[in-house]
Amino acid sequence: MKSSSLSSKFPLTFWEMAGASGVAMSFAVGLVGVYLTLPDSDYSFLKLPRTLEDLHILRDNLERYTSDYTAQVLVGYCMVYIFMQTFMIPGTVFMSLLAGSLFGVLRGVTLVVFAATAGASSCYFLSKLIGRPLISSLWPDKLVFFQDQVAKRREGLLNYMLFLRLTPTLPNLFINVASPIVNVPYHIFLLATSIGLIPAAYVTVKAGITLGELQSIGDLYDITSIGTLFLIGLASVTPTLISKKMPS
């Protein structure tokens, strides 16, 4: 009776927890490996940025290492970004700004889209393992809505997923966790993610180049930027809407 009571309160089994812990340990080992290859120095500045002030400190210190230890900085950056996406840790917007500040627009956008897609994919597969009980308790209403929409749009699912990625209709973190639960095929998830994240990544990375002029995160997405993303998103679902109206 006692064990069944505990299992009802905690939705994950021992093996599910072991799998998730194994993933977290793999990231930890990788990050320690990157840290050990850097020169001896004071790395107290190395922490996840939570404010623009934290980001300025991190950027100013990392600039000294980026040219001489490019590979380590790139690998470390990607591992941190993917880890944050995998375990739904907020703050990836600061990481995107950092990419623009350190690497410029072209390399920054490429880096962010790669890391964000890899992190979303990692979250997708982790959610396949442990996601159902968690998302059912955290976002039950959103999950029902998303499931209904996916079921209705099976024929144009790629366009719908692109629309979601391009617009702030549903949070990206929710999409990452919920997609395997509502049976969005991985190839559609991957394609929609890798393409759909490009516009928002460009806006954020470009803002990172002029980081000193940014007063708040809210300045990133003004009415024009949000309107543009919605227009691109509507364009992505237009072919599906037209095909439904055309007589067969």
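Just so you know, glycine gets a Cβ as well, placed from its N, Cα and C.
Taken straight from TrEMBL:
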type: DOMAIN; residues: 89-208; note: domain 'VTT'
type: TRANSMEM; residues: 12-38; note: transmembrane segment
type: TRANSMEM; residues: 74-99; note: transmembrane segment
type: TRANSMEM; residues: 105-126; note: transmembrane segment
type: TRANSMEM; residues: 188-208; note: transmembrane segment
type: TRANSMEM; residues: 220-242; note: transmembrane segment
Which residues of the same chain, at least 6 past either end of the transmembrane segment (74-99), have a Cβ under 8 Å from a Cβ in it?
23-24, 27, 30-31, 34-35, 48-50, 52, 54-55, 58-59, 62, 107-109, 111-112, 114-116, 118-120, 122-123, 126, 173, 176-177, 201, 204-205, 207-208, 211, 214, 217, 220
Beyond the flanks of the transmembrane segment (12-38) by 6 or more, those residues with Cβ under 8 Å of it
46, 65, 69, 72, 75-76, 79-80, 82-83, 86-87, 122, 126, 129-130, 133-134
Segment confidence, the domain 'VTT' (89-208), expressed as mean pLDDT
92
